[in-house]
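Submitted below is the structure of interest, expressed as C-alpha cells.
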Amino acid sequence: MVQETIRVYARLKPLGRRQQAGIYSVDDEKSLPSLEIIVPHDLADGFINNKRESYKFKFHKIFDQEAKQDVVFDNIAKPVAECVLAGYNGTIFAYGQTGSGKTFTITGGAEHYNDRGIIPRTLSFIFDQLQKDSSKVYTTHVSYLEIYNECGYDLLDPRHDASRLEDLPKVTIIEDSDQNIHLKNLSLHQATSEEEALNLLFLGDTNRMIAETPMNQASTRSHCIFTIHISSKEPGSATLRRSKLHLVDLAGSERIAKTGLGGHLLTEAKYINLSLHYLEQVIIALAEKNRSHIPYRNSMMTSVLRDSLGGNCMTTMIATLSIDKRNIDESISTCRFAQRVALIKNEAVLNEEIDPRLMIVQLKKEIQELKDELALVTGKQRTSELSQEELLQLDESIELFLKDNDPDSTLDVGADMRKIKYCFIHLKQLLNHSKASDKKQLLQHISEEKDANEAEKEELKKMKELLQQRNNEINILINMIKKEKKKARDALFQLNTASAGSTVLEQSLSINLNESRSPFSCSSLKEAKDFGSSFHRSSFLCRKPGEKMSLGCQEAFEVFKQDHADSITIEDHKQLLKQRFAEAKCLGEKLNEEKDRINHLKGAITQRHIQRAALAVSSPSEELNKLDPVEEKLRRQIEEGKQSYKTMFNHLKGLKIEIEHLQLLMEKAKMKLQKDFEVWWSEEATNLQV
Ligand code: ADP
Ligand code: MG
C-alpha cells in the first residue's frame with residue numbers, strides 16, 4: 001500500500017507577446033516550492049482588498065513558463081505510470097482556466113513532436129516498459145470519454161460521420177449491487193503496441209475536434225478522460241492484476257461572471273462550474289478526516305473518477321496557470337483549489353484478483369507435483385481410487401476392530417487418506433444401518449402393541465355387546481314380571497291351576513325317574529323312555545348346538561311357555577303320556593306276575609311228575625298209567641296264563657307305539673314353542689334397543 005497526499009503541481013504557461021505579465025515569483029529553495037502571486041493595486045475587481053497584496057501557494061513542484069513537455073512528463077506522469085504498471089490505479093488531471101494549457105499539457109501541442117503531451121508520452125513509456133518486462137504477461141486497453149453537459153460520449157467510435165458531439169455513442173453510468181461504477185457504451189479497445197494506442201488517441205482527438213465547432217467550443221466546457229487499462233499476471237500464476245490510469249483534461253475553471261455571456265451559453269457555463277464545483281466538493285470531502293460520505297454521485301465526472309480520486313489511487317493534479325495580468329484572480333482561484341486537493345491522502349492498494357480458470361490449472365499442476373512426490377516417498381504410484389483388494393482388506397480390518405473388545409484396540413490403515421476416508425464412510429454406514437434396524441424393531445414393537453390393543457378392543461366390544469344383551473334380558477324379564485303380577489291379581493283363582501300345572505311337571509319328572517328305576521325289563525318300553533329323554537336333552541332350550549341359553553333367557557322362556565297355546569297341547573300330551581306310562585307300568589307288572597305264575601305252574605307239574613314216579617316205584621298201580629287230572633288242570637292253567645300273557649304283551653306293544661307317537665307330537669309342539677319364543681325374544685330385544 002502506498003500512502004501519501006495527492007501530489008499537486010503547478011505549470012505556468014508561457015505568455016504571448018501581447019500579454020501583460022502579472023507579478024509572481026517561484027521559490028524553489030525549500031523542500032516544497034512555493035508560488036507567490038502579487039496583486040497589483042490598480043486591479044479593481046474580484047479578490048482585491050486593501051489588506052493583502054500577495055498570495056503564497058505551495059506545490060510539489062512548479063513548472064515555470066519555459067518548462068518543456070519531457071520534463072513535465074518525467075516529473076509528473078512517469079511516477080504515476082510506474083505505479084500503474086505495478087498494479088495501482090492512477091489519475092492525473094489538469095485543472096485551470098481555459099487557455100491555461102491543460103490540453104497542451106495532457107495531450108500536447110499539434111505543431112512539434114517535442115510538444116507531445118502526457119498521454120502520448122505515457123503510452124510510449126508504458127509500452128516501452130511492457131516490452132522490457134518479460135516476467136509478466138500484460139494486456140492493454142484504452143478508452144476515451146468526453147463529458148459535456150453531464151452527458152458521456154465515447155470518443156473512440158470508429159465511425160467518422162460524426163459531425164457533432166451528439167452523434168457519438170452516449171455513455172451512461174450503471175452502478176452494481178457492490179456500488180461499483182460501470183460505464184455502459186464506453187468502448188474498450190485493445191492496443192498491443194504504442195502505435196495502435198496512438199492511433200486510438202488520434203481517433204479520439206479527431207472526434208473531439210470534429211464535434212467542436214467555433215460556435216460550440218466544447219473543449220472549454222467539457223471534460224475529457226483518456227484511460228489506459230492494464231492487466232498483468234505472472235506466467236503460471238492465477239493472480240491477475242488490473243490497473244488503470246486516467247488522464248483527465250478538465251473543463252475550464254473560469255467562473256460564470258467572467259464569461260460575460262447570457263442565454264444558452266450562460267447555462268453551459270453554469271454547468272461547467274457546477275461540474276467542477278462537485279469535483280471540488282468531492283475533493284473537500286476526501287480531504288476531511290472521518291468523512292464517511294463522499295458525494296461522488298452528484299456529477300457524472302465525479303462518478304466516473306470515483307475509484308480514481310483519492311482513496312485507492314495515485315492521484316496527481318496539475319494546476320495550469322496563465323498568469324496574465326487580467327487572469328490574476330482566476331490564477332489565485334486555481335491555486336486555492338490546488339491547495340485543498342493537496343490535503344487529500346491517497347491510500348493506493350494493489351488491484352489483485354484470482355482468475356478461476358488459471359487457478360484450476362495451477363491447482364492441477366500442484367496436485368500432480370504432490371502425487372509425484374508421494375510416489376517417490378512411498379515407492380508406489382497412487383491412484384485416486386482404492387483397488388478391490390485393498391477395499392476387501394479394509395472391510396476385514398474394520399470388522400476385526402469392531403469385534404475386538406479390547407479398549408486399547410486400534411484401527412490402523414496407515415497414512416493413506418483414501419483408506420482413512422473409506423473407513424470413516426464405512427463406519428458411518430454401519431452406524432446408520434444399526435440405527436435403521438433399531439428403528440425397525442421399535443416400529444415392530446409398536447405394531448405388536450397395536451395388535452394387542454386391537455385384541456383388547458375386540459374383547460371389550462364383545463363384553464359390551466354381552467352387557468347390552470343382558471340388559472335387554474333383564475328389561476324383558478321385568479316387563480314379563482309386571483305382566484305376570486297383573487295376571488296374578490286378575491285371576492287369583494287360576495293360581496291353583498298354575499301350581500297344579502307345576503305339580504304335573506314335577507310328577508312327570510318323577511315318573512321319568514321312577515321309570516328309570518323300574519324293574520320292568522321290557523326293552524321296547526325302555527327305548528321309548530330313552531327316546532323321550534334324549535329328545536329333551538338335544539333340542540329343548542338349546543337354540544344352536546353348543547350355544548346354551550343364558551339364565552335370564554331360560555327364565556323368560558319358562559314364563560313365555562306358560563302363556564303359549566302350544567304349551568297346553570304339550571301339557572295334554574304330557575298327561576296322556578303319563579297315563580300311558582302308568583298303564584304300561586301296570587301292564588308290565590301284570591306281565592311279570594303272569595310270567596311268574598306260569599313258571600310256578602310249570603314247577604308244580606314237574607313236582608307232580610316226580611311224586612307219581614315215586615308212587616309207581618313203591619306201589620305200582622294201573623291208575624298211575626292213566627292221565628293225572630291234577631296235571632291236566634295245571635296244564636290248562638298254564639295255557640290260560642300264556643294266553644293272558646300274550647294278550648297283555650300285545651297291549652303293551654300298542655301302548656309303546658302310542659307313547660312314541662305322543663312323544664313325537666310333544667317334541668313338535670315344543671319346537672314350535674321354542675321358535676315362537678326366539679322370535680318374540682329378538683323382537684323384544686330390538687324394541688328395547690330402539
Ligand atoms: P486549455 O486546454 O487549458 O484551454 P490549451 O492547452 O488549449 O489550453 O492552450 C491554449 C494555447 O496555448 C494553445 O495554443 C497551446 O498551444 C498554447 N500553450 C499552452 N501551454 C503551452 C506551453 N506550455 N507551451 C507552449 N504553448 C502552450
Ligand atoms: Mg483545452
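Glycine residues also receive a Cβ, built from the backbone N, Cα and C atoms like all the rest.
Note that the coordinates shown come from a computational prediction; the quantities given were computed from them, not determined experimentally.
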Can you identify, from 96-144, 439-487, the stretch that TrEMBL calls coiled coil?
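Going through 96-144, 439-487 one by one, TrEMBL flags 439-487 as coiled coil.
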Looking only at the coiled coil (439-487), report the model's average pLDDT.
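The predicted confidence over the coiled coil (439-487), as a mean pLDDT, is 87.
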List the binding-site residues GLN97, THR98, SER100, GLY101, LYS102, THR103 whose Cβ sits under 6 Å from any atom of ligand 2, in sequence order.
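By the Cβ criterion, which requires under 6 Å to ligand 2, the hits are LYS102, THR103.
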If you count Cβ atoms within 10 Å of the Cβ of LYS102 (ATP binding site), leaving out that atom itself, what do you get?
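For LYS102 (ATP binding site), the count of other Cβ atoms within 10 Å is 29.
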Can you give me the same-chain residues 6 or more apart in sequence from THR98 (ATP binding site) with a CB-CB distance under 8 Å?
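The answer is THR220, GLY252, GLU254.
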